[in-house]
Amino acid sequence: MTPLVVLAVAIAGGLGAVARLVLDGVLRSRAPVSFPLGTTAINVTGSFVLGLVTALALGHGLPPEWRAILGTGFIGGYTTFSTASYEAVRLAQQRQYRAALLTGVGMMFLALGAAGLGLWLGGLAVAPTPPAPSTTL
């Protein structure tokens, strides 16, 4: 891996983190609830985008450098499963057990489903289209 790729991954990670900060701030201001809606939305959308990027990369042979920049860099900076874990523990400590369980387990299933959906849709986008039937004999 070249120094330029490492720099690009770092920049993309910073941009992903800024996108996370902005989206989380917008969601917190619009829906002031104890449930971590922003973190959930970020992790689910990030998982979807990573699934989509992965399928598109595999189907189009995206170079490994670009996979690192987009997946490890941007999406890695954007998603935040450590914050989700912290928020689940925080909710449990506050005796909000249902919200803690929903945050911990629910986010995992939602993120896995979103990643699978992204992989599937990305696979459809790169799947070869069958040739049209011939109308001539």
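Cβ atoms here come from the backbone N, Cα and C positions, even for glycine.
Under the heading transmembrane segment, Swiss-Prot lists 3-23, 42-62, 69-89, 107-127. For GLY76, THR79, the entry in Swiss-Prot reads Na(+) binding site.
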Positions whose Cβ lies under 8 angstroms from the transmembrane segment (69-89), at least six residues beyond its ends: 5, 8-17, 19-20, 36, 39-40, 42-43, 46-47, 49-50, 53-54, 57, 100-101, 103-104, 107
Remote residues contacting the transmembrane segment (3-23) - C-beta distance under 8 A, at least 6 residues beyond either end: 38, 41-42, 65, 68-70, 72-80
Long-range neighbours of the transmembrane segment (107-127), counting only residues six or more past its ends (CB under 8 A): 39-40, 43-56, 58-60, 84
DSSP three-state assignment (helix, strand or coil) for THR79 (Na(+) binding site): coil
